[in-house]
Every structure is written in C-alpha cells, then in structure tokens.
C-alpha cells in the first residue's frame, strides 16, 4: 500500500518572538522540521508534502528535494492547511499521515506503529493520542459509553467537563487518503476560532458510519509541540536525555548525562568514556575505548579507538588510534592525526597531516603542513605559512627533531633524520641527515653590568 505524509509547517510561530521561521528553530543542532521529516521518511512513507507559508524559501532551503511543497497563504486552520496538498495527493491511493512540523521528538517507530494500527483496523482515520496531567491547550479525546471515539474537541470549544479529560489529541493522524480529501471539502469553520479544524474530518467520517481509531502512545514527550522558547528548551532536554540514554545502553559511559551534549548523528563505540561538560556535534564518529575529557568540544570529526581528548576543541578533524590530544589543544578543519600521535597543551593544528608517532607537545602552531612519522616538534615551534595573501606548505620528514622556538618559514621542506637547532628560523630546505642552525652566534660580554 502506498503511503504519503503531510507535514504542517506554515505557522508563523509568533510566541517564539523571533525573526526565524518557527519550524527552523533547532533542537539538537537540527531544525525541528528536519527531525520530523527524518522520522516521517524513516516510517516508510513514499512521498512527503510540506505545507509552508511565511518563510517558505527558508524551509525549502533546508529540506530541499526530500519533500514536495504546497503554499498556504492564509493560516485558516489545520484542515485548510492539509487541503493545500490537494494538487499533490488528491487522487492517490493508500494511507496519508499528517504530522506537525513543530514536534521534533516524534519517532519513526511511533509513526510506523500508528500506520500499522490504522491499516490493520481498515480505518478511514486514526488519531495518535496520549494521556497527560496538564492537558491545557490540547484538543480532548471524547469517548462514548463503549470507549470508542465520539469526537475531538478543541480547548476553546470545550465544556468544563470536556476540559477535565486528560486524554489529548497529538495533532498527528493517519487517514485513508481519498477519504481525507473527500471530507476536507465538507469541513466548516463554525467554532470559537473561526478556523477549519482537521479533527472535524473524523466527526464527518463517524457520522457516515466509517471507522475511526485511536492509538494511544505512552511516551508523552514524543508528541510535545514547541510554541515558545521554554518549550524549545524542554524539547532540547528531552532529545538529549533520549540520545544519552541510547548511547549508555549501547556500552558508552557518560559520567554526567545532564551536562553532556551529544548530537543525534553522532556514533560512539563501546567502552568509551565521556566526562562531564562535553559537547559532541555533527556527523562525528568515535571509536571504542576512547576517553573524551571534561569540557571538550568535538564537531564533525573522527576519533579512532583508544584515543584520548583532554579539554580540547576538535573541528572537522581526524584523530588516529591511541593518539592523545590536550589539554587545551585545538584541532582546526583539515587536521589529520595518525596513530600514537601526541598533541599537547596549547597546540593548534590546522590543515596539517601528522603521521604515526609524531609529537607536538607544547605551545606550537602547525598549519598547512605534513609532519613525518616519529618526528618531534619542540615547544614554541611555528609554521610560518601566510605571507598576507597566500598560504604555503611546510613538510618535515620522518624521525626528525625540531628544537624549541623554531620558525619554519614556508614553503620549506625538512628531510628525514634532520636536527633543527633551537631558536632557528628556517627559510631554506634542509636535506636528509642534516643539522640546521639558523640563528646569530651568542656573544657574551663579561663584566658588562658592573
């Protein structure tokens, strides 16, 4: 059976008090609507239509060709919004789910189960519901004496008795697609808001003797909509708890989950330890038996087995097996560290390849460079790679030793088994097996201060 989805993303989000389009506010580093799209796609949907309004181009820019789009010029209610997808879906067979673009916590598993329940019951419509302690603001699920759905009533149209009901509509539905678009034309706006409500489609189906199901989820957080910055923070916290819980169940030690931020696209191997205050973002891959020390930040990087990152920042870089970084080091984009490398305190690496066993232990800048196997770079070494207009490359061969306080003025190549004396400023290439000294000879004037 064909499956379709409509994502409602046209709301202005005035309560966010922001210039940014509501569904583009981020949770765990991604726009809310992108989380929704990924869950919808993951549930086995064949085609997605996103309803956009104010800020339409911004949404299209984020979602791209993963969705079709329909424009809702005036926000006249959820039924009116769904009707905007008519040109894409009206004649389609199968099941259509309707999901709000501001529900970033909804999972593909819940959507899969909703669809399966709907199709197994041969229903014309199914609503996803939940029971919550504070149902204010949500539509209430009103059931008849036999426990079947009688109607969904919105907060502003509810009687006091109906407001006391704690089973609420999530705003997420599954429909027989053709029934949905047939009934949408019959929805009226005679309610307190003067809007066209999507739940009225369910009442129309029931009035015609059709089957309407309710599928209740036990995970209330999944259906939480985000309407303001407080709720955005709550969604962020919920997403982080979910992510950390997943990693801990898969063999990762997170010492203080409440202070640890891990993005949804991060992968972490077993027996890795994450210390307090760590942030790991983007498409980062971390191997097994890694230690990420407290207050480190890692973005879009690869950390191989057994590595240790101590109080450092790693951006768009790769760290080899058993390599040690930090404390207080920075790996900038393009830094590639091999196995058993050491990058120590107050070292900055940018667009540089440090081969296996290389060491840069203290107070150095290595940029646009290749450092050979087992080479030691002394404290205070600087690759002078920029002349104000262009960047130039430094190459240091294997098994070389660069002394402290050395300037390597690029472009320059240092060979294998080379010793560069401390305090040198190297401007010319140095061949293999050489000693390079480039500093003024010391002059001592005894008794000068007497």
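In case you wondered, yes, glycine gets a Cβ from its N, Cα and C as well.
Within 374, 439, the residue that Swiss-Prot lists together with 385, 386, 422 for binding acetyl-CoA is 439. Sequence-distant neighbours of residue 350 (UDP-N-acetyl-alpha-D-glucosamine binding site): residues of the same chain at least 6 apart with a C-beta under 8 Å from its C-beta are 332, 333, 334, 335, 365, 366, 367, 368. In the set 362, 385, 386, 422, 439, none of the recorded positions has a C-alpha within 10 Å of the C-alpha of residue 22 (UDP-N-acetyl-alpha-D-glucosamine binding site). Here the binding-site residues are 77, 139, and the one ringed by the most other CB atoms within 10 angstroms is 139. Comparing the recorded positions 22, 362, 439 on other C-beta atoms within 10 angstroms of each C-beta gives the minimum for 439. For the recorded site, residue 22 (UDP-N-acetyl-alpha-D-glucosamine binding site), the DSSP three-state label reads helix.
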